[in-house]
Amino acid sequence: MSLRNLKELTIIAKEAFSKTFLVAKSLCFLHVINTHVFTVASLYGPSMLPTFNLTGDWALAERFSHKLGKVGAGDIVILKSPVEPRKIMTKRVMGVEGDSVTYVVEPKNSDRTETIVVPKGHIWVEGDNIYNSKDSRNFGAVPYGLLRGKMLWKVSLFS
């Protein structure tokens, strides 16, 4: 192998390493942004009707306000399901720790209500479609640690 070919291979190897390093840095940057700043979520299911469609909605959620305690009643949040940990849910916050929340126990069968005080370190979440939502009425208050983000922006593909 000649010296000229070796120099050409060295230049190609340096350029390939440089491009690979740039791609690796970009992927690390995207991972940090997705984990700690913003995330994109695909929304589907009937629990948040009419706020979100059954399918086709996308949402941008920020991931820092819940860490700063800036989530309150009325906010729409993304959280891990306390029943199925691999499932991510979108629900509306009805109360934070110390709030009294009155809810309909079985909306399909009766108008009976109960009032609960949300325990410390928890939030009370419900779907907007109370007739078809698995939420805090089924599994109780949700630990604050299961929150994954607060909804910022919704995109409806099929309006």
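Cβ from N, Cα, C; glycine included.
Using a 10 Å radius centred on the Cβ of Ser47 (active site) and all shown protein chains, the other Cβ atoms total 22. Under the heading active site, TrEMBL lists Ser47 (among others).
The active site annotation in TrEMBL covers Lys91 (among others). Residues near Lys91 (active site) in space but far in sequence (CB under 8 A, at least 6 apart, same chain), listed by position: Ser47, Met48, Ile76, Val77, Leu79, Val125, Glu126, Gly127, Ser133, Asp135, Ser136.
Marked as domain 'Peptidase S26' by TrEMBL: 26-103 (among others). DSSP assignment over the domain 'Peptidase S26' (26-103) gives 11 helix, 30 strand, 37 coil.
Per TrEMBL, the feature domain 'Peptidase S26' maps to 113-152 (among others). If you look at the domain 'Peptidase S26' (113-152), the same-chain residues 6 or more away from its ends with a CB under 8 A from one of its CBs are 38-39, 41, 46-51, 59-63, 65-66, 70-71, 75-83, 88-105, 107.
According to TrEMBL, the transmembrane segment annotation covers 21-44. Tertiary proximity for the transmembrane segment (21-44) is limited to same-chain residues at least six positions away from its ends with a CB under 8 Å from its CB atoms, namely 52-64, 78, 88, 90, 148-149, 152, 154.
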